[in-house]
Amino acid sequence: MGIFWWAIFPYLMITVFVLGHIYRYQKDQWGWTARSSEFLEKKYLKWGSVLFHTGILLVFGGHVVGMLIPEAVTERLGISDKIFHTAAIITGSTAGFITLAGIVLLLVRRVSVKRVRKTSSFADMLIAVLLFLVVSMGLFNTFGFNLFVKSSFDYRATIAPWIRGVLVFAPDPGLMNNVPLFFRLHIIFAFAIFGVWPFTRLVHVWSVPLEYLGRRSYILYRSVGPVAKPVKEWERASGDVG
Amino acid sequence: MKIKAQMAMVINLDKCLGCHTCSITCKNTWTNRSGLEYAWFNNVETKPGVGYPREWERQEKYKGGWVLKSKGKLELRAGNRLSKLLNIFYNPDLADIDDYYEPWTYDYKALTQSPEKKHQPVARPHSLLTGDPLELKWGPNWEDDLAGAPETGKKDSNLRSLEEKVRLTFEEVFMFHLPRLCEHCLNPACVASCPSGAIYKRDEDGIVLVDQDACRGWRFCMSGCPYKKVYFNWQTRKAEKCTLCFPRLEAGLPTVCSETCSGRVRYVGVLLYDADRVQVAASPVSERELYKNQLQLFLDPYDPEVLAQARRDGLDEDWLAAAQRSPVYKLAVEFGLALPLHPEYRTLPMVWYIPPLSPMMQVVNSGQTEAESGEFFAAIERMRTPIEYLANLLTAGDTETVADVFKKMVLLRQYMRSKNLLGQDVPVEDNPWGLNGAALQEMYALLALAKYRDRFVIPNAHKEKAGDLYERQGMTGYDPA
Ligand code: SF4
Ligand code: SF4
């Protein structure tokens with residue numbers, strides 16, 4: 001089983017993620033949207049959406065630092081293991097709480113506000129639930145685990161090298177042998193999200209319109225056809241076209 | 001100078017019946033789909049009133065249109081690009097569906113499939129969003145013919161600064177109808193607000209369209225448009241708007257709303273304008289200058305220099321000919337009868353309105369057959385519809401311009417009256433606008449007779465020059481499928 005979950009499943013999901021995006025981008029520009037429901041309900045969305053999106057961006061940054069930077073590097077920079085962990089727990093928990101508050105609000109809203117529920121697609125529901133699961137387990141792993149379990153589990157010696165292995169196509173499932181259950185579930189559900197990503201509203205992540213900042217003109221014109229050539233000189237000479 | 005052509009419209013409020021034919025035919029053509037039941041690309045409001053969506057004119061609330069910054073530069077009222085992106089998770093200025101209305105249908109089966117009962121069966125309304133029974137409290141035209149105006153009318157932002165003067169009591173009330181559609185602005189705030197670059201203005205005819213394939217549903221166009229004429233399709237989660245019926249225009253036919261208008265109050269035609277001067281024209285310090293600035297953007301289609309430049313800029317002969325015959329040019333520029341709706345939004349709107357004169361005539365003593373022009377002109381000040389109100393609507397508060405339009409209309413009536421009833425062709429050359437008998441005759445033909453061929457002068461699109469049409473599928477405002 002270890003081999004499947006830690007050496008096959010991630011690649012399965014990554015493959016679906018990549019091919020799915022290519023396929024959807026080619027075939028379904030029309031369906032490619034943030035699927036906002038703000039128009040139907042604004043009050044809860046305001047807090048839910050802002051908290052969730054801010055939180056998840058912070059969480060993303062945290063994961064990049066925690067997973068991709070090896071311990072050796074931070075140590076050489078003079079950051080001791082203890083400092084790193086304390087900082088990670090504090091910032092990680094804060095970001096995690098923000099995100100969790102957001103996704104809980106959004107999920108509750110999606111289920112309990114009838115207008116939103118009735119106009120939700122299956123994918124909308126699924127992604128809200130998956131995000132809730134992954135975020136809550138993630139927060140438990142950062143915050144609750146340290147508080148309640150008090151074990152000496154070090155993800156930087158296990159999960160982090162494993163994920164770096166996955167990224168360079170040399171996964172070592174053995175690293176995951178003694179990883180606690182909620183860490184494993186967090187990872188498996190996270191990869192599940194990657195698998196469904198291209199078929200949900202999450203595609204809007206790739207459409208963040210940063211190009212807006214660099215747009216030369218506020219007003220955009222488009223021509224129906226190639227710009228017509230100017231008419232001949234003799235035609236231009238006469239003023240009246242009545 | 002860069003000359004472009006713009007398809008534009010004039011609506012003669014003096015003759016609008018408020019029959020809603022335009023809205024209905026538009027709806028049946030464009031928005032009778034799930035997700036857009038609430039959307040009326042064309043709607044007819046009764047003024048005074050808060051309109052549709054509720055209080056759309058309150059830009060302090062919805063932050064539509066442009067404002068002039070201290071350095072004389074235009075900026076979107078909602079904020080600059082960075083602030084837009086920072087608000088992308090939640091657009092604080094967005095009108096929600098309750099500001100329009102919750103769409104509903106009736107449960108008609110209750111009528112057709114009811115068993116015999118003691119009482120009549122009733123078709124009850126239920127929401128198209130949730131399916132729940134709905135108690136109707138607001139709708140697309142709740143204020144029709146002043147229904148509820150004593151309640152909602154006071155919130156009409158055009159009544160600002162004249163609260164004391166206007167009393168919405170039964171005896172003193174005034175009203176008129178205001179048909180509204182997308183203005184296909186020269187300086188469209190919707191286009192500027194769209195961070196994805198999905199909304200664009202067509203080079204050839206100035207029609208503003210949403211590229212359905214490029215729209216990502218960020219919703220800034222909806223709040224950015226000060227006229228609230230971009231709608232969110234809650235099924236497809238993309239923005240949709242009036243297309244000025246471009247498939248019809250391209251074939252030389254008027255828009256559906258214009259074609260079916262039972263009052264024959266709509267005019268469609270081409271205007272030539274200088275695209276290089278648009279930004280300058282939209283940026284005067286005083287809002288009252290916007291009307292005149294926009295007028296000056298429009299170019300004389302008989303001026304040989306204009307024609308020569310237009311040809312260099314690739315305009316076709318039939319379009320230039322249409323610009324010369326354009327009823328919009330005549331009404332807006334030549335006769336100066338039509339005015340832009342809320343020019344102070346600085347989008348340079350392209351659906352212009354002839355203000356409603358009619359209620360004034362009731363003020364004039366009906367026993368008089370040969371009213372002196374002085375009396376008529378004086379009566380304008382005593383009109384039932386306060387001139388300040390119309391000025392707030394059409395000229396950023398400049399009452400003189402509105403009064404000027406009315407005086408021309410009165411002059412026309414006097415002239416035609418003496419001609420038809422008294423058989424006298426009274427010379428009118430000494431009027432301040434230099435309108436002679438021939439001009440008044442032409443005005444009469446356009447306004448009163450309003451023949452189809454005069455109301456609509458629409459050149460065909462030059463599709464033979466179009467590039468790959470297949471590639472353009474989906475770019476023009478509706479579902480490519
Ligand atoms: S009126 Fe039409 S063109 Fe003008 S800003 Fe609104 S949607 Fe855009
Ligand atoms: S169809 Fe014509 S007359 Fe009737 S409401 Fe519309 S614009 Fe007015």
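Including glycine, each Cβ sits where the backbone N, Cα and C put it.
Please treat TrEMBL annotations as automatic predictions, because they have not gone through curation.
What TrEMBL records for A:4-223 is domain 'NarG-like'. Feature annotation from TrEMBL assigns transmembrane segment to A:6-23, A:44-63, A:83-108, A:120-140, A:181-200. TrEMBL lists A:His53, A:His63, A:His186, A:His204 with the feature heme b binding site.
Projection of TrEMBL feature records onto the structure.
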{"residue": "A:His53", "record": "heme b binding site", "contacts (Cβ under 8 Å, 6+ apart)": "A:Gly102"}
{"residue": "A:His63", "record": "heme b binding site", "contacts (Cβ under 8 Å, 6+ apart)": "none"}
{"residue": "A:His186", "record": "heme b binding site", "contacts (Cβ under 8 Å, 6+ apart)": "A:Val134, A:Met137, A:Gly138, A:Asn141"}
{"residue": "A:His204", "record": "heme b binding site", "contacts (Cβ under 8 Å, 6+ apart)": "A:Trp32, A:Thr33, A:Ala34, A:Arg35"}
Within reach of chain B, those binding-site residues of A:His53, A:His63, A:His186, A:His204, CB-CB under 8 Å: A:His53, A:His204
Distance in Å spanning the most remote Cα pair of A:His53, A:His63, A:His186, A:His204, given for heme b: 23
